[in-house]
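Take a look at what TrEMBL says about it:
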type    : residues                                                               : note
BINDING : Thr13, Gly14, Ser15, Ile16, Asn127, Glu129, Gly216                     : NADPH binding site
BINDING : Lys128, Ser154, Glu155, Ser187, His210, Ser223, Asn228, Lys229, Glu232 : 1-deoxy-D-xylulose 5-phosphate binding site
BINDING : Asp153, Glu155, Glu232                                                 : Mn(2+) binding site
DOMAIN  : 7-135                                                                  : domain '1-deoxy-D-xylulose 5-phosphate reductoisomerase N-terminal'
DOMAIN  : 149-240                                                                : domain '1-deoxy-D-xylulose 5-phosphate reductoisomerase C-terminal'
DOMAIN  : 272-391                                                                : domain 'DXP reductoisomerase C-terminal'
Amino acid sequence: MSGFQRIAVLGSTGSIGESTLDVIARHPDRLAVYALSAHSRMEKLAQQARASGARVVVVPDDAARQRFFQAWPDRTPLPEVRVGASALADTAADPDCDTVMAAIVGAAGLPSALAAARAGKRVLLANKEALVAAGSLFMAAVRDHGAELLPIDSEHNAIFQCLPHGDRAAAPTRPAAGVRRLILTASGGPFRDRDPAELHGITPAQACAHPNWSMGRKISVDSATMANKGLEVIEAHWLFAMPRERIEVLIHPQSVVHSMVEYEDGSVLAQLGQPDMRTPIAYGLGFPERLASGVGLLDLARWGRLDFEKPDLRRFPCLGLAFDALSAGQGACIALNAANEIAVDAFLHDRLPYTRIPQVIAETLEWHAGRPSVTLNHLDDVLAEDAAARAHAAGSVPAVAS
Ligand code: NDP
Ligand code: MG
């Protein structure tokens, strides 16, 4: 895509949303905000809409709309305020926007990401849960509607950058020619070296203190448990049409090598950079050109060394569970993602000990394995399966804080 882009940033008040607005503001000659969306932070949404000149904002309900109006200064012309989940999907498909940044957290971001793909937009996909829950549906929508899919998750963006030019199909149906393996790197999170026996009393603040990346709370916990890397293995499977056994995970504590592609001839291509999401975001916004992102120089001499090691699946059971779910099929992936969202939310609200997170996922996967298999060809099928898995997982989580 060349020329001027009007962008809808869905989930603008989050970590990815903020970084996206930062990059957009650096390029007023070629990028403009068309729409923003938020779920709870209406004051921040109002500030962002004022600063970016957004024409549309999307909020979840009438109460949020009132709070948005209260936060809006008198005498400034209001943007159009749209309300509800269907308005999110409509905005993603709006003919007045060219590019959609899908940066809502969780499966809640699936319908709008899918709507953007079905409308043939350039889709900058940060929301990995959408692919985990509905990979085949989403990739088929990209193919069938001529959308342009650019992965924003740093590992997948790195792999995309390392793949051969001729194989940059938006939604491939087979692995790129000559590729042997994809190697996803993982920092190992804040508890990489902790004795698992010490993890029981971990607090949300400790789990969210990621050593290298500054991110939203849900993905920070996912990084600590390595459920995030598990979701990313499933994401890589769909994005690059890569079978499970050709996707490897390596712990790399410095988070400088963002991922690698190994070729049949033994060559391994890697993408390196500072751990700052503005690099993959600028790549997605500028593709195929390169845009300034505000990210500084990578000082490899300061790092001196880069370390790699195999992950220990006993220490990080969530990663093994994700590999199992990918082997079991899409229904299991939906159950894995739903259970993880429920468990992480309960942990963040002091209703579940940290060490119970993998147990809730494992129990939900077991429950799912005993269910009759269903077809998942429509969004409604996926959402119904997701709702059933959430209800089951919620049953194994206390309703009030202990
Ligand atoms: P944040 O929690 O920081 O932001 C989430 C955004 O989604 C906020 O704008 C929030 O609104 C909105 N939101 C939350 N719940 C809903 C809902 N039910 N309906 C509509 N909107 C909702 O998350 P991140 O920015 O960290 O992550 C966003 C996505 O990007 C995730 O899928 C994550 O896995 C992925 N990602 C993030 C990375 C990072 O570095 N942060 C790296 C790679 C991928 P509000 O704040 O107003 O409540
Ligand atoms: Mg990532």
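Just so it is clear, glycine is given a Cβ too, placed from its N, Cα and C backbone atoms.
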With the Cβ under 6 Å from ligand 2 as the test, give me the qualifying entries from the binding-site residues Thr13, Gly14, Ser15, Ile16, Asn127, His210.
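The ones that qualify number zero, so the answer is none.
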By the count of other Cβ atoms within 10 Å, pick out the sparsest of the binding-site residues Lys128, His210.
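Comparing Cβ neighbours within 10 Å for the binding-site residues Lys128, His210, His210 has the fewest.
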Looking only at the domain '1-deoxy-D-xylulose 5-phosphate reductoisomerase N-terminal' (7-135), what are its DSSP counts of helix, strand and coil residues?
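Split into helix, strand and coil, the domain '1-deoxy-D-xylulose 5-phosphate reductoisomerase N-terminal' (7-135) gives 60 helix, 27 strand, 42 coil.
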Over the domain 'DXP reductoisomerase C-terminal' (272-391), what is the model's average pLDDT?
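Summing pLDDT over the domain 'DXP reductoisomerase C-terminal' (272-391) and dividing by its length gives 96.
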Which binding-site residues from the set Lys128, Asp153, His210, Gly216, Glu232 come near ligand 1, judged by a Cβ under 6 Å from any of its atoms?
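Checking each Cβ against ligand 1, the ones under 6 Å are Lys128, Asp153, Gly216.
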Given the binding-site residues Ser15, Ile16, Glu129, Gly216, which one's Cα is the least distant from that of Asn228 (1-deoxy-D-xylulose 5-phosphate binding site)?
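Result: the closest of the binding-site residues to Asn228 (1-deoxy-D-xylulose 5-phosphate binding site) is Glu129.
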By a simple count, how many Cβ atoms lie within 10 Å of the Cβ of Gly14 (NADPH binding site), its own Cβ left out?
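I count 24 other Cβ atoms within 10 Å of it.
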Long-range same-chain neighbours of Ile16 (NADPH binding site), Cβ under 8 Å, sequence gap at least 6?
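Listed in sequence order: Met101, Ala103, Ala126, Ile152, Gly216, Met277, Ile281.
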Compared by Cα position, which of the binding-site residues Thr13, Ser15, Asp153 is the closest one to His210 (1-deoxy-D-xylulose 5-phosphate binding site)?
Ser15
For a three-state summary based on DSSP, what are the helix, strand and coil counts in the domain '1-deoxy-D-xylulose 5-phosphate reductoisomerase C-terminal' (149-240)?
42 helix, 11 strand, 39 coil
Which of these binding-site residues has the least crowded Cβ, counting other Cβ atoms within 10 Å: Thr13, Asn228?
Thr13
Please report the Cα separation of Asp153 (Mn(2+) binding site) and Thr13 (NADPH binding site) in Å, rounded to an integer.
18
Would you mind reading off the Cα separation of Lys128 (1-deoxy-D-xylulose 5-phosphate binding site) from Thr13 (NADPH binding site), to the nearest angstrom?
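Pair distance, Cα basis, whole Å: 18 Å.
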